[in-house]
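K.L.:
Below is a structure I'd like to ask you about.
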C-alpha cells in the first residue's frame, strides 16, 4: 500500500467487472485502478477505454492493465472473475467450477505480497468468500463478499415503488445466502422512522400478500434478468462501488455484506449476508438484529444449505 494513494485492483473484466470499473472511474473513487484478466488483451482494451473517460471524472485516476504483481501495493482487490450464471442455473450450481478457478486466483494474488482487503462478487459469493479467506490466510475482517447488498437494494427499490417513497428512505434488509434461501427481515423494516408493519396495519391499500410478492421478485430478480438479457451487472457494479467507498473512505457504514460469523445469529464458521459496519479495516463489527422466530428458522436453514453445498469443495 502506498501512503496517501488508494490502489484498487480488479480481477475479472467481464460484464460485472467492467460495470464496477466504469462506476469507479465515473465517481473518481481511487487514485489508481488496475485491471487484471486471463485475457490480457481484453484487460488492456478496457483499461484504454476507461482511461479516456478520466477527463470527465470528478477526480483523476491512473488506469492500467496489469498482473497479480500489482496487488502488492493494493489497498483493495475486487474479484469478479469466474464462470457466469446461465439461464436456469442457480448460483449454487456454480460452486465446484468457480471454486477451482478461485483457488488459483487467490494464490496468485497472495504470492505478490498482498496485505489489503478482498472484496468478492463471483457467485456463489458466500462460498467463494469463505474459500478466499481460507486460501489467503488473511484475517476474517479483511475478506468480504458482496453478500446481500444488491438484494437489499432491490428490496428497498421495490418497496419504495410500491409505497411511492424514495428508496433511500426505505430501511429494509435481505439477509442469508445471496440466492434462493435468502430472507427478508420484515420485523425490522422501516419507512423513514415508521415501522412497515405499522404502515400496513393503518392503510388498507397495502397488503401482506403484495409484500410477499415483492420479496419473491427480489429473490428471483437475477433469473428474470438473465432470461431477458443474459446477465446482471449494473446493480452489482454499483453495489461493489458502494462497499468500496465505505472501505476506502473509512465510513463505518452499515451494509449487508457477506461476513464471517462466529456465534452471531447463533451460527459459526460461515460467510453469510448480514448487516455489518464497514470501514478501512474491513468488517469492524457485525450488527446482530433481533430476529423473530420465523426469521431465525429461515436464517438457520440458509446457513445450513450453504455449509452443505460448500463441504465437498473445501
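Keep in mind that glycine also has a Cβ here, set from the backbone N, Cα and C atoms.
The active site, proton acceptor feature in Swiss-Prot is assigned to 178; the stated evidence is sequence analysis. The NAD(+) binding site annotation in Swiss-Prot covers 16, 37, 42, 68, 82, 83, 121, 122, 123, 146. Summarising the annotation, Swiss-Prot assigns substrate binding site to 85, 91, 123, 124, 125, 126, 151, 152, 153, 154, 232 and lists sequence analysis as the type of evidence. The annotation beta-D-fructose 1,6-bisphosphate binding site is assigned in Swiss-Prot to 156, 171 on the grounds of sequence analysis. Annotation comment: Swiss-Prot describes 223 as phosphotyrosine, evidence class sequence analysis.
Describe the structural surroundings of these features, if you would.
P.N.:
Using a 10 Å radius centred on the Cβ of residue 123 (NAD(+) binding site) and all shown protein chains, the other Cβ atoms total 27.
Other Cβ atoms within 10 Å of the Cβ of residue 151 (substrate binding site) number 29 in total over all chains. Classification of residue 151 (substrate binding site) by DSSP places it within a helix.
The local packing around residue 171 (beta-D-fructose 1,6-bisphosphate binding site), expressed as other Cβ atoms within 10 Å of its Cβ over all shown chains, amounts to 16. Taken residue by residue with DSSP, residue 171 (beta-D-fructose 1,6-bisphosphate binding site) is part of a strand.
In sequence order, 87 are the residues of the chain that are 6 or more apart from residue 223 (phosphotyrosine) and have a CB within less than 8 Å of its CB. The DSSP secondary structure for residue 223 (phosphotyrosine) is helix.
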K.L.:
With residue 42 (NAD(+) binding site) as the reference Cα, tell me which of the binding-site residues 125, 151, 153, 171, 232 is the closest one.
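P.N.:
Sorting the binding-site residues by distance from residue 42 (NAD(+) binding site), the top entry is 232.
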K.L.:
Of the binding-site residues 85, 156, 171, 232, which sits closest to residue 123 (NAD(+) binding site) by Cα distance?
P.N.:
85
K.L.:
Below 8 Å Cβ to Cβ and six or more residues apart, same chain only. Which residues does that give for residue 16 (NAD(+) binding site)?
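P.N.:
Looking at Cβ-Cβ distances below 8 Å from residue 16 (NAD(+) binding site), excluding near sequence neighbours, one finds 80, 121, 231, 232, 233, 236, 237.
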K.L.:
Would you mind reading off the Cα separation of residue 153 (substrate binding site) from residue 178 (active site, proton acceptor), to the nearest angstrom?
P.N.:
12
K.L.:
Return the single residue from the binding-site residues list (82, 156) that has the minimum number of other CB atoms within 10 Å.
P.N.:
156
K.L.:
Between the recorded positions 42, 178, where is the Cβ count within 10 Å the lowest?
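P.N.:
Output over recorded positions 42, 178: least Cβ neighbours within 10 Å is 42.
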